[in-house]
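Written out below as structure tokens is the structure these notes cover.
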Amino acid sequence: MVSYQLIKEAGDEGTLDSPGKNCVLPIDGGSGGDVESALQKMNQSSPRMISGSNNGDNAVSRNSSARLVSLDVFRGLTVALMILVDNAGGIFPAINHSPWNGLTLADFVMPFFLFMVGVSLGLVYKNMSCRAAATKKAIRRALKLLILGVFLQGGYFHGVNNLTYGVDMEQIRWMGILQRIAVAYLVAAMCEIWLRNNEKVCSGLSLLKKYQWHWALPLMLTAIYLLLLYGLYVPDWKYQIPYGASSNAKIFMVRCGVRGDTGPACNAAGMIDRMILGVQHLYRKPIYARTEQCSINSPDYGPLPPYAPSWCQGPFDPEGLLSTVMAIVTCLIGFQYGHIIVHFKDHKRRLFLWLVPSSGFIVLGMLFDIFGMHINKALYSVSYTCVTTGVAGILLATIYLAVDVYGCRRFTMVLEWMGKNALLIYILVACNILPLIAQGFYWRHPDNNILTLIGIRKQAH
């Protein structure tokens with residue numbers, strides 16, 4: 001049976017083999033098996049910790065290489081959150097993505113996915129005998145995610161109100177959720193494969209020393225992001241509606257001529273995407289169309305108000321190139337949390353090393369926001385990265401304590417299953433493939449289908 005897993009596919013490598021070479025990724029304490037077979041043993045039991053005794057610690061030592069159920073539960077919870085905000089966000093705009101600055105429930109989904117990619121990578125490459133084979137497999141997996149993302153989110157499918165399909169290659173959308181995950185996964189995997197040393201880890205300080213280049217890279221990426229976001233000059237730009245060649249197209253001119261602007265119209269992130277990808281290849285339902293300047297129903301989509309700015313209908317990709325730089329940083333920080341699992345077997349030690357930096361990230365992010373570097377999901381701002389990563393770390397620690405330490409799995413079995421099959425669920429539900437399949441079966445007229453019966457087509461935009 002094929003296992004479809006969004007973050008697990010990007011994180012759990014299993015064996016690393018290549019023709020003519022015996023490149024196997026072993027695990028500590030194993031008996032020659034690969035990662036997948038050994039990790040599956042964790043599904044049979046979960047260690048418990050009894051306060052004041054060593055029973056829990058010994059259990060962790062015996063199962064140090066076993067699968068942590070909390071990782072699947074975390075992924076499943078993120079998938080459930082994604083489904084909730086996708087389907088209820090139109091009804092309750094307060095939980096939908098923030099129109100620009102600010103943080104809502106929906107804004108946690110993407111960083112949670114990226115964070116878990118990083119955590120998984122921290123576990124996968126802990127013992128590696130063949131870097132070349134690992135590199136080849138990581139590139140192949142990233143390409144699969146990238147191609148799948150373009151197919152699902154590039155415009156090939158026309159939505160639940162349309163039985164047609166196909167996309168004009170001159171207007172295909174190149175970036176998207178899976179594409180961003182693919183890029184972040186590949187960069188993080190290369191970092192984990194090639195930028196490591198043989199330092200022994202016995203404390204938090206030695207952990208930092210062993211993975212010093214793993215911390216240097218996100219700092220460098222953050223510096224590049226800030227330099228480009230606040231240093232690039234953004235000239236005037238234009239777009240047309242309808243998109244593509246049309247004699248009736250209306251041209252909209254957006255006046256900028258600024259530097260360091262982080263508003264919807266004149267930020268450097270949008271300019272980079274327009275210059276490199278092309279304005280015709282960007283997302284055409286920009287999140288800022290829900291701002292008060294652009295919608296009379298703000299924070300929901302709605303008709304344009306009188307004297308709306310010219311940029312309100314301009315394309316903008318929330319998974320653009322510059323914002324993906326900080327998405328990579330989230331992934332890189334995530335596998336530091338995975339390293340803690342690898343090098344520390346004591347429950348209390350793991351929780352301490354997770355909670356302290358997580359709290360620090362949240363405080364740092366809030367300070368950035370207070371001093372003008374606002375929390376912004378569309379730009380994937382530094383403050384947004386810090387806050388969401390900190391919340392992800394605290395949530396991971398909470399789930400780990402409940403599921404892997406105390407063994408409370410009765411109420412998390414559904415989430416665990418969702419976490420193991422995240423990619424399949426994402427394709428069928430979040431990408432509307434299941435509704436598209438369902439509406440293809442109708443009675444006499446395309447409008448007479450099950451989606452119309454239950455009201456989905458009427459609510460779809």
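Residue numbers in this text run from 1 along the chain shown.
Glycine is no exception: its Cβ is also placed from the backbone N, Cα and C atoms.
Note that the coordinates shown come from a computational prediction; the quantities given were computed from them, not determined experimentally.
According to TrEMBL, the domain 'Heparan-alpha-glucosaminide N-acetyltransferase catalytic' annotation covers 67-191.
According to TrEMBL, the transmembrane segment annotation covers 73-96 (among others).
Taken from TrEMBL, the feature transmembrane segment covers 108-125 (among others). Outside the transmembrane segment (108-125) by six or more residues, the chain places 6-8, 10-13, 25, 35, 68, 71, 74-75, 78, 81-82, 85, 134, 177, 180-181, 184-185, 188-189, 192-193, 327, 330-342, 377, 384-385, 388-389, 391-393, 395-396 with a CB less than 8 A from a CB of the stretch.
Here TrEMBL flags 145-165 (among others) as transmembrane segment.
Remote same-chain partners of the transmembrane segment (177-195), defined as residues 6 or more beyond its termini with a Cβ less than 8 Å from a stretch Cβ, comprise 6-7, 10-11, 110, 113-114, 117-118, 121-122, 124-125, 128, 131, 134-135, 138-139, 141-146, 148-150, 152-153, 213-214, 217, 319, 324, 327-328, 330-332, 334-335. TrEMBL lists 177-195 (among others) with the feature transmembrane segment.
Residues or ranges marked as transmembrane segment in TrEMBL: 215-233 (among others).
The transmembrane segment feature in TrEMBL is assigned to 321-344 (among others).
Residues or ranges marked as transmembrane segment by TrEMBL: 351-375 (among others).
Marked as transmembrane segment by TrEMBL: 381-403 (among others). With a cut-off of 8 Å between Cβ atoms, the residues of this chain six or more beyond the transmembrane segment (381-403) that come close are 46, 68-70, 73-74, 77, 103, 107-108, 111-112, 115-116, 119, 222, 225-226, 262, 326, 329-330, 333-334, 337, 347, 350-351, 354-355, 357-366, 368-369, 373-375, 409, 412.
Among the features that TrEMBL reports, transmembrane segment is placed at 423-443 (among others).
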